[in-house]
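Participant: Here it is, the structure in full.
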Amino acid sequence: MSSRTDRAAPVVEMYGITVERGGVRVLDDVDLTLHPGEVHAIMGENGAGKSTLIGALTGTVPIVSGDVLVDGAARTPTSVAQSRAEGIATVFQESHLSPHLTVAENVMIGHEVRRWFGIDWAANRERASAALATLGIEDVDPRTPLAALSPATKQLVAVARAIVLEPRVLVLDEPTSSLDAAEAARLLGVVRRLRDQGVAVLFVSHFLEQVFEVSDRMTVLRGGRVVAEYRTAEVERAELISKMIGEDIDALQALHSQRLAHHYAGSGEATLRATSIGRRGSLEPTDVDLARGEVVGFAGLRGSGRTELARLMSGVERADRGELWLDGARVQLRSPGAALRYRIAMSSENVREDGIVAGLTVRENIVLALQALRGWSRPLSRGEQDAVVDTYLDALHLSRDDLDRPAGELSGGTQQKVLVARLLATRPHVLILDEPTRGIDIAAKLDIQRRVARLAGEGVAVVFISSQLEEVVRLSDRIVVLKDREKIGELSNGPGVTVDTIVEMIAADLDELAPGDDDGAGAADGAGGRDVT
Amino acid sequence: MTTVAPRGRAARAQGPGGAPTRGRARGWRIDRRYLPVVGTLVVLALILVVGGARYDNFLSVGVLANLFINNSFLIVLAVGMTFVILTGGIDLSVGAVLALSSVTAAYLLNAGLPAGVVVPLVVLIGSVIGLLIGAMVHVFEVQPFIATLAGMFFARGLCFLIAPESIPITDETFVALAGWDTWVAGQWRVTSSVVIALVVVAVAFYLLHYTQFGRTVYAIGGGEASARLMGLPVTRTKVLVYVISGTCAGLGGLLFAMFSRSGYSLTGVAMELDAIAAVVIGGTILTGGTGFVLGSVLGALVLGLIQTIITFEGTLSSWWTKIVIGGLLLVFVVLQRLLAVRRT
């Protein structure tokens, strides 16, 4: 259709878009123009209004005022179905697929190939397979129920659903959040190809590098307003980041040097000691010591066993070998609740599924663990609740207005903060944080990292797990490196330790194995196997 | 009896990296989604074998043919209920709607209206009540349990308003329709109600597996918010499942009137629970999203067979039917739970 001129007429124009939620302006007078053959990124921290803007375009969020034009004609977005009919396909941030339907159905439902007798399943499977093949997951059987797939594959199926219609406008909200590097690269390749075919792409991602790699232009949102618009080629990263968080970027550096300055030498007295702890099929026997006031990073690739180790140490999963010693006494953790009674707390990497109770208010979510610890027969009074909640309000930058909102309404970053607040309310001696910064913006990340550093300063033994190794290096006093469900070494952090040190350690270990050994989480995910973590 | 539509081979699709260490290389080739239905089939076969061993004539063609004849209305109710439960809802009104439909049929036929008018009209009564319930569930966001409970009281009340006592049906056309039968393969007696029930099953199967409406029913059961974000017509579908269930109840009332040649306001008390039991025993999960209409048919037949066994036993109280059904329900719900746990 439209030949790729330098600047074709815009396909979508949004002017003065204002959206309110619960009386609060979440989008204020936002303009956005999408041109064919361009990848347009929306940048901003959590709560900046990125997903809301997408909702306004696709009709899932009602607009208070403002105009939406498609091909120059005004219209009111009312539903996803309508926007699809106009050629706007969306991959939403939250999962929007049906677990019980097959992969082919998830890709094709709503626009199935039909013949005189009804849905032609063979034809649908064929079209779905073709779309899956473009995304590099052609080895997924389209007849598999979606529930059997890994999060990464599900995310790619969602993308397949969007591109199978050959849309004119493709909206991608955090499409790479569960993908590994190879999968993400392939997806970005597909995005680029679609752009070259004249598709207008709206791209939202927390991964700065991906945005720089794939986008042509970017709009920066902060607090529901447009604060800047750039051509990607002309923007400095540092400038972009400071626009996004609206405060001094040097804070990041400062935190790092602070950590280095107070670097904890390790008294040698472990508060939590795991000896030969392991579980058949998930972790080889491993020794780990945690000392008070120390941040221990677990570093490793996805599936390396870092999550498994954390789960065994916090009673989420039961070890079938090895022993746990807490302050010199042997303990058995039969459940996370038992661990809490020993003041060992863990936050899961999967906030939405394992952590936050979406239907309870923020206040209730925060006091949940404390209440469980006290026993349900002795409810916390409102006054006690307030005392607990108030302690963490400022520390976590939660707003008082948010307290009585259902936690499910909050952005991912805020939910993560609520979860951390819940754990802190139990005043843990050992705090295990599994990917506390995944999928959240820089400001919130910084906030959580600061918090971790302060906790260690207060004498808590902290375990910090992140797939972003620079974070692990920045925060940890000691780094436990895992690989293939096994601990392969331990580093005392210091000026000489960088991300490369850890990468080399993992890579060196890899070389010792027979080459061609069929490890590699990427292959497993691509084949639709379960996520190993 | 396997379904034709989206046939899967989950076992194969796990792929090479599918965490073999967790011992998932189990030997079965059946798609896990069909397991509950297969379970129902096994139970059905077991009852047949036990019955055949204990009683002479149990495995006769006549007994089996009667199984369909006596349970045709339950099959129709279970089919309608399957749609509702697949979306994650429930319909408690069907027993009362069945009664209302049969009482109305008897009353109007007695009043001299021709069967050609009465038959479509009583089915339509079910559809209208279903539509009202669907609107309540959708527009006012009433819990399906409450909305259909209201529908149940409403329909049952109307029955008594129309006729508190039993009305015999004497209309010639209607009696002829009810009495029509044919013999398949010489010995298998098939009545008009069986034909109607089987047509309903076939239509339901087609709707669920070969139309967008049907797939949307499954998608809603898997998650309503997701279905909305997929751009599926969630609202229309949610209302429509109650219309379908209501229509099936209306049709069930017609079949019951044909079966009993009368209309009585106390028929079908607690029959909605039988229908729900048939659906659950047939492998449909109450939270929605998984299940098959053919499973519900098998479930209805299991209930019917238990009844038959107890009749054959002679000395047993008919309440034993309820006890056995209760036990079966428990077994099936636990079975489903185990399957669901293993899946995660």
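Every residue gets a Cβ built from N, Cα and C, even glycine.
Fair warning: this is a prediction, and the values are worked out from it, not measured in the lab.
Below, the features straight out of TrEMBL:
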- B:1-14: compositional bias 'Low complexity' (COMPBIAS)
- B:1-24: region 'Disordered' (REGION)
- B:34-55: transmembrane segment (TRANSMEM)
- B:67-85: transmembrane segment (TRANSMEM)
- B:92-109: transmembrane segment (TRANSMEM)
- B:115-137: transmembrane segment (TRANSMEM)
- B:144-163: transmembrane segment (TRANSMEM)
- B:190-208: transmembrane segment (TRANSMEM)
- B:239-259: transmembrane segment (TRANSMEM)
- B:292-312: transmembrane segment (TRANSMEM)
- B:318-339: transmembrane segment (TRANSMEM)
Participant: Please work out which recorded stretch in B:34-55, B:92-109, B:190-208, B:292-312, B:318-339 has the most C-beta pairs separated by under 8 angstroms from the transmembrane segment (B:144-163)?
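Facilitator: Maximum Cβ contact count belongs to B:92-109.
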Participant: As a test: from B:67-85, B:190-208, B:239-259, B:318-339, pick the stretch that has the greatest number of Cβ pairs under 8 Å with the transmembrane segment (B:292-312).
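Facilitator: Selected stretch: B:67-85, with the most Cβ pairs under 8 Å.
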Participant: Give the nonlocal contacts of the transmembrane segment (B:239-259) in its own chain as ranges (CB under 8 Å, at least six residues past its ends).
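Facilitator: Contacts with the transmembrane segment (B:239-259): 69-70, 72-74, 76-77, 79-81, 83-84, 86-87, 89, 91, 93-95, 97-106, 119, 122-131, 133-135, 137-138, 144, 148, 169, 174, 177-178, 192-193, 196-197, 200, 204, 207, 213, 217, 267-268.
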Participant: Should anything in the same chain at least six residues away from the transmembrane segment (B:190-208) have a Cβ under 8 Å from its Cβ atoms, list it; otherwise answer none.
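Facilitator: Tertiary neighbours of the transmembrane segment (B:190-208) are 3, 5, 65, 68-69, 72-73, 75-76, 79, 82-83, 86, 177-184, 214-215, 217-218, 244, 248, 251, 255, 258-259, 292-294, 297.
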